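> The structure is given below, and queries will be raised subsequently.
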Amino acid sequence: MALSKEQVLEVLRKTEVPGGGTAVSRDLLRALAVQDGVVRFVLEGAPQAELEAMRPVLEGAVKALPGAASVTIVVPSGPPRGLGGTAQQPRGPAIGGHPKPQSGPQRVPGVAKIIAVGSGKGGVGKSTVSSNLAVALARAGKRVGLLDADIYGPSQPRMMGATQRPSSPDGQTILPLKAHGVALMSVGLMLKEDEAVIWRGPMLMGAMQQMLFQVKWDEFGPLDVLLIDLPPGTGDVQLTLCQKTKLDGTIVVSTPQDVALLDAKKAIDMFRRLDAPVLGLIENMSSYICANCGHEAHPFGHGGVEAEAARLDLPFLGALPLDLDVRLAGDAGTPAAAGEGIAADAYAALAEGLIARGAV
Ligand SMILES: Nc1ncnc2c1ncn2[C@@H]1O[C@H](COP(=O)(O)OP(=O)(O)OP(=O)(O)O)[C@@H](O)[C@H]1O
């Protein structure tokens, strides 16, 4: 009888590899193909040296199967997806495997509500709003988590001032960090600050799934709300999120400029089509008050987001000032909402408004 994929899998499930476990139990096996006795598969998801050490062991085990004519094992070059283990930390949690089959959207354990913060256009302040809102909600007494899903440009480790590598007591569960009273997880915490994520869609989808379900979000107690800082646009991350879990709400951030508003409308359209309720719009960089003379200016225009919200029959959640302290505080790792001043007050009002609406 011809060698089958199941037979190969069975032997791989039983073959202990260097570093412990099996290639299957450690989710290192990709693209297994078996045809006319020719076996091919890819090994990835651990440091390259460790994968190379596994190669002869697995080759030997598969070749010993009756009907196995040849075995080709591919170990991709370069570091494992730029993430996960290093030579020093080979057993650290690795992020970015292929997504696992999942039967429909599922709730994240230990999380009462999930709210995603999105924008159409980049650079409008979505990450700034996410970190400040998370801190403001925590100051208002809510138990808050913040997931940085801006996988290609994670900025929350810097904005929240949390840069330690998350730990994983069992090599599977990833423990979030705690910063300014908020449970935090970001792909950026698994990377060196200047390291780029170069992933195709499936890796990104796998990473999102891991960040939702492999992170122990209730490490510091059950969460009232998990805020998700989305990347700009309407792509893979947004889609995956809506497929893997149920969003209780979404908030769209825009500046008052027409170009930003145009893209914000696309984000709203996407959320509506994905059945993710839009809680409302926020106008960021709405006004600028001169620190010297107190004059109020509107460098990006004013009121555009509120008018758009009315046109789209959506709540307008609030206007946030353009404030140098917000930028400096974000760069320094302590969101302005953690302190005092006009920005902190604006975020406190935003948090209270969301609580009053029953959104959180
Ligand atoms: N209200 C504000 N006042 C002053 N600076 C701000 C304000 N909002 C955002 N910024 C600054 O603007 C820059 C871009 O903000 P941020 O990274 O939050 O935008 P983003 O929409 O998340 O960007 P990206 O598209 O890259 O994810 C940052 O330097 C941030 O500190």
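First residue shown is number 1, and so on along the chain.
Placed from the backbone N, Cα and C atoms, the Cβ positions cover glycine too.
Okay, so TrEMBL annotates it like this:
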| type | residues | note |
| --- | --- | --- |
| BINDING | Gly120, Lys121, Gly122, Gly123, Val124, Gly125, Lys126, Ser127 | ATP binding site |
| DOMAIN | 5-73 | domain 'MIP18 family-like' |
| REGION | 76-107 | region 'Disordered' |
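Would you situate these features in the structure and describe their surroundings?
For Gly122 (ATP binding site), the count of additional Cβ atoms within 10 Å of its Cβ stands at 14 [all protein chains shown].
For the domain 'MIP18 family-like' (5-73), the model's average pLDDT works out to 92.
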> Should we count any of the binding-site residues Gly120, Lys121, Val124, Ser127 as near ligand 1, judged by a CB under 6 A from one of its atoms, and which?
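Cβ under 6 Å from ligand 1: Val124, Ser127.
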> Are there any residues in the same chain, six or more apart in sequence, whose C-beta is under 8 angstroms from the C-beta of Gly125 (ATP binding site), and if so which?
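The answer is Ser119, Val253, Thr255, Asn284, Met285, Leu320.
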> Around the ATP site recorded as Gly120, Lys121, Gly122, Gly123, Val124, Gly125, Lys126, Ser127, what other same-chain residues have a C-beta within 8 angstroms of the site's C-beta center?
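Checked against the 8 Å cutoff, the neighbours are Ser119, Pro232, Val253, Ser254, Thr255, Ala260.
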